[in-house]
Amino acid sequence: MPSYTVTVATGSQWFAGTDDYIYLSLVGSAGCSEKHLLDKPFYNDFERGAVDSYDVTVDEELGEIQLVRIEKRKYWLHDDWYLKYVTLKTPSGDYIEFPCYRWIAGEGEIIVLRDGRAKLARDDQIHILKQHRRKELETRQKQYRWMEWNPGFPLSIDAKCHKDLPRDIQFDSEKGVDFVLNYSKAMENLFINRFMHMFQSSWSDFADFEKIFVKISNTISERVMKRWQEDDMFGYQFLNGCNPVLIRRCTQLPEKLPVTTEMVECSLERELSLEQEVQQGNIFIVDFELLDGIDANKTDPCTLQFLAAPICLLYKNLANKIVPIAIQLNQTPGEENPIFLPSDAKYDWLLAKIWVRSSDFHVHQTITHLLRTHLVSEVFGIALYRQLPAVHPMFKLLVAHVRFTIAINTKAREQLICEYGLFDKANATGGGGHVQMVQRAMQDLTYASLCFPEAIKARGMDSKEDIPYYFYRDDGLLVWEAIKTFTAEVVDIYYESDQVVEEDQELQDFVKDVYVYGMRGRKASGFPKALKSREKLSEYLTVVIFTASAQHAAVNFGQYDWCSWIPNAPPTMRAPPPTAKGVVTIEHIVDTLPDRGRSCWHLGAVWALSQFQENELFLGMYPEEHFIEKPVKEAMARFRKNLEVIVSTIAERNKNKKLPYYYLSPDRIPNSVAI
């Protein structure tokens, strides 16, 4: 009688093991086996992290093994089990791998596994395999349903809270991503919890903010605290701070900013007029038009909160530094909306810059971070689970890059950005303003803007010679190219021609789902409805991976560095923008900045958001072996090598730099949006 050796690997995360009864049956080309209980006498099977082997004897020849069925039956209490993989040693001595990497949760739940070879639908000619493929997608489409959380938003997962999600995409431990708990813990760790309930209580001066500022020597945050008032530090942040995506080369001065050469001539160093400086490419602009008319937070009747929609003009000086030369705090020019200049009184100019920094914070949090990394990656994740079966090579490639993304976003909708959520506590765009911002920004969310090289070029920021200190651009391009080379290699392994791409219906359904539901079918988004070539598929995969990994890392993990010194990134302002010059005092600025309570909530938030997850997986790490084929494993090894070269290049560049830029170093880029 034929005998098989079955090896079963249990996950090593918390609560992965089980005491339930586990049954296995084999489905082969010549027949099916009986159900076998996997159990060794006097042995605790399927413990967390265990790899257990069993001999399974069958009555007759089964032929080529096509499927493995795993069934879980309750022993005592409800007990989930995380199955990593099953390996089968056949009677002829061959080994067959069956990757799983899933939770088996319900009583009597049956999981049917295929061997680890990646297959397109056209490769499956056997009826039972075609049927398995179809059933898997039918089941997933019932579990992963689209829902509109707010009108005009990209659609999200249909789940009210974290525990409503399919078990496979939940966090291992929900406590680890409890925002209320994490923010409170952060405030405790930073020794600032004594201030956290002191709403409406102003700080006495800038130095007073140091009471909640944790000085960590020789770090970016300490440098920001010391130099935040300097113009070159202000300008530098548009290149390499938390939000390095707004600055663009100014090709024509906007009519709504009536600035003249006379106003700014003391800032211009080349003895040229302002118009000539524009023509030479030395003038840059950041326009916060998106904030115009957005409702400020009214959730606390005791504190009035305010927003502005500034326009900031910047200049590349002879030292190649970017510095501000003119700031108008609202969009419509007029007597009560003066253009503030470096030549104005010290506190007039300082407050104008603070308003710009505050506006930048709002756009960063809600658009650059929330919409353009979190929500977009969730769209890719839902479409992936709905349209690509686990055996599809593109599912195997992308699944690591949507890990915990749907879960973190669900948790955010539950606690953070919901009505009366944590976002309302300290942010001037809380109470609904953040929702209005996303609805507006959806109009500018295009596929081209997610293609990193195109996005840089569209802003006129691509010349390394003209703009030498734009490290976000330099490092981002290196990482983009490494990902694109890798995806192109994987695509070439499974798609021998453009025609195979075009005829892959599952792939086309995935792309269509993203366009129809994620982008709401907006033609202007430029998102493809279909992919017709290997090159376009490789670019699309690069967009998915880069957005989830590098782009999110660039705009998320520097939040404590750049936003912990409150005057440099105020989450709210408690007085309206000044309407005249010569009236601002230090007292007025301090009374405008956030109160003690809001400052503490803000600090707790940026600290918590800047921390890596426990057991973080960084770019190039694929511990779950969904792929078993040698060519793909070799492509992964080359990808890791390329990333290591980038790590060394960035480390060399950062040597002896007082302001190192490391957010896009691959050893600091998590694989997915999970915080």
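Glycine residues also receive a Cβ, built from the backbone N, Cα and C atoms like all the rest.
Feature list (source: TrEMBL):
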type	residues	note
BINDING	GLY17, ASP79, ASP80	Ca(2+) 1 binding site
BINDING	ASP39	Ca(2+) 2 binding site
BINDING	HIS369, HIS374, HIS552, ILE675	Fe cation binding site
DOMAIN	2-118	domain 'PLAT'
DOMAIN	119-675	domain 'Lipoxygenase'
SITE	TRP103	site 'Essential for stabilizing binding to COTL1'
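Recorded features from TrEMBL, shown on the structure.
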residue : record                                            : Cβ within 10 Å
GLY17   : Ca(2+) 1 binding site                             : 21
ASP39   : Ca(2+) 2 binding site                             : 13
ASP79   : Ca(2+) 1 binding site                             : 17
ASP80   : Ca(2+) 1 binding site                             : 17
TRP103  : site 'Essential for stabilizing binding to COTL1' : 22
HIS369  : Fe cation binding site                            : 21
HIS374  : Fe cation binding site                            : 23
HIS552  : Fe cation binding site                            : 27
ILE675  : Fe cation binding site                            : 19
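Using TRP103 (site 'Essential for stabilizing binding to COTL1') as the reference Cα, a 10 A cut-off selects ASP80 from the binding-site residues ASP39, ASP80, HIS374, ILE675. Report note: the Fe cation site is defined by HIS369, HIS374, HIS552, ILE675, and the residues of the same chain whose CB lies within 8 Å of the CB centroid of those residues, excluding them, are LEU370, THR373, SER377, ILE408, VAL555, ASN556, LEU609, VAL673. Ranked by Cα separation from HIS552 (Fe cation binding site), the binding-site residues GLY17, ASP39, ASP79 are led by GLY17. Taking the Cα of ASP39 (Ca(2+) 2 binding site) as the reference point, the closest of the binding-site residues GLY17, ASP79, HIS369, ILE675 is GLY17.
Between the C-alpha atoms of HIS369 (Fe cation binding site) and ASP80 (Ca(2+) 1 binding site), the distance comes to 34 Å. Per-class residue totals from DSSP over the domain 'PLAT' (2-118), listed helix then strand then coil: 0 helix, 60 strand, 57 coil. The Ca(2+) 1 site is set by GLY17, ASP79, ASP80; from the centre of their CB atoms, other residues of the chain with a CB within 8 Å are PHE15, ALA16, THR18, ASP19, ASP20, PHE46, TRP81, TYR82. A Cα-Cα distance of 28 Å separates HIS374 (Fe cation binding site) from ASP80 (Ca(2+) 1 binding site). Cα-Cα distance from ASP79 (Ca(2+) 1 binding site) to ILE675 (Fe cation binding site): 27 Å (rounded to the nearest whole number).
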